[in-house]
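For ASN10, the entry in Swiss-Prot reads site 'Discriminates between blocked and unblocked aminoacyl-tRNA'. Annotated tRNA binding site per Swiss-Prot: PHE15, TYR64, ASN66, ASN112, in sequence order, evidence recorded as sequence analysis. Annotation comment: Swiss-Prot describes HIS20 as active site, proton acceptor. As annotated by Swiss-Prot, site 'Stabilizes the basic form of H active site to accept a proton' applies to ASP91, with the evidence given as sequence analysis.
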Amino acid sequence: MDLLIVGLGNPGSNFFHTRHNVGFGLIDKLVVKHGLSLKKVKNYEYSDFNFENKRIVLIKPLTYMNLSGNIFPSVFARFYMKMTNLLIVVDNVDLPLGKCKLRKVGGTSTHNGLRSISGSLGSTKYSRLYIGVGNNNESSLRDFVLAKFSDSELKRIKNVFNFLSEEILSIDECNFENKIATINSSSF
């Protein structure tokens with residue numbers, strides 16, 4: 001199964017290492033790990049390569065989180081992919097820091113990036129990989145997700161990226177349930 005992996009985040013150096021940008025962080029990890037580079041077109045960056053006899057396309061939307069869905073008409077047309085190939089990587093404040101959750105389908109919850117994608121696609125029937133960023137419940141949710149990780153939190157998140165960079169490229173229809181078990185039982 002070819003994979004279209006879209007990591008959500010906000011463009012710009014001021015959002016680097018923020019909780020909301022863990023999707024971008026995982027894409028960046030995969031790019032470095034596989035010696036790739038990102039190419040910029042219109043409203044996203046991408047890298048396209050082969051891994052274990054399948055096509056992998058990595059995407060970072062440049063539309064800001066709340067407009068992430070705007071990229072999909074051009075992405076699906078350019079790469080000849082469908083929703084069945086799609087894996088969205090996104091932050092989740094309902095999961096503890098370092099906990100991951102892979103799902104075949106799901107809702108949008110309070111996540112505006114997922115709402116934008118579901119609105120654009122007209123469906124919530126796409127796979128997603130949630131990366132737990134915790135929630136301190138002391139500040140506004142917006143301020144919390146746009147805040148940078150502390151040094152100790154960032155170390156844990158980098159461990160998550162290392163783990164996920166080994167796991168997600170080999171996801172396919174035959175082993176999706178096994179990957180769910182492996183990824184969902186992990187915690188860093």
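Including glycine, each Cβ sits where the backbone N, Cα and C put it.
Recorded features from Swiss-Prot, shown on the structure.
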residue	record	Cβ neighbours (10 Å)
ASN10	site 'Discriminates between blocked and unblocked aminoacyl-tRNA'	22
PHE15	tRNA binding site	17
HIS20	active site, proton acceptor	24
TYR64	tRNA binding site	19
ASN66	tRNA binding site	13
ASP91	site 'Stabilizes the basic form of H active site to accept a proton'	24
ASN112	tRNA binding site	18
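What surrounds the tRNA site, by Cβ distance within 8 Å of the Cβ centroid and not counting PHE15, TYR64, ASN66, ASN112, is the set ASN10, HIS20, THR63, MET65, LEU67, SER68, GLY113 from the same chain. Look at PHE15 (tRNA binding site): DSSP puts it in a helix. Taking the C-alpha atom of ASN10 (site 'Discriminates between blocked and unblocked aminoacyl-tRNA') as reference, the shortest distance to any of the recorded positions HIS20, TYR64, ASN66, ASN112 belongs to TYR64. Using a 10 Å Cα-Cα cut-off around HIS20 (active site, proton acceptor), the recorded positions ASN66, ASP91, ASN112 reduce to ASP91. Residue annotation for tRNA gives PHE15, TYR64, ASN66, ASN112. The furthest Cα pair among them is separated by 17 Å. Taking only the Cα positions, the spacing between TYR64 (tRNA binding site) and ASP91 (site 'Stabilizes the basic form of H active site to accept a proton') is 14 angstrom.
Annotated pair ASN66 (tRNA binding site) and ASP91 (site 'Stabilizes the basic form of H active site to accept a proton'), C-alpha to C-alpha distance, rounded: 13 Å. Mapped onto three states, the DSSP output places ASP91 (site 'Stabilizes the basic form of H active site to accept a proton') in strand. ASN112 (tRNA binding site) sits 11 Å from ASP91 (site 'Stabilizes the basic form of H active site to accept a proton'), counting Cα to Cα. Rounded to a whole number, the C-alpha distance linking ASP91 (site 'Stabilizes the basic form of H active site to accept a proton') with PHE15 (tRNA binding site) is 13 angstrom.
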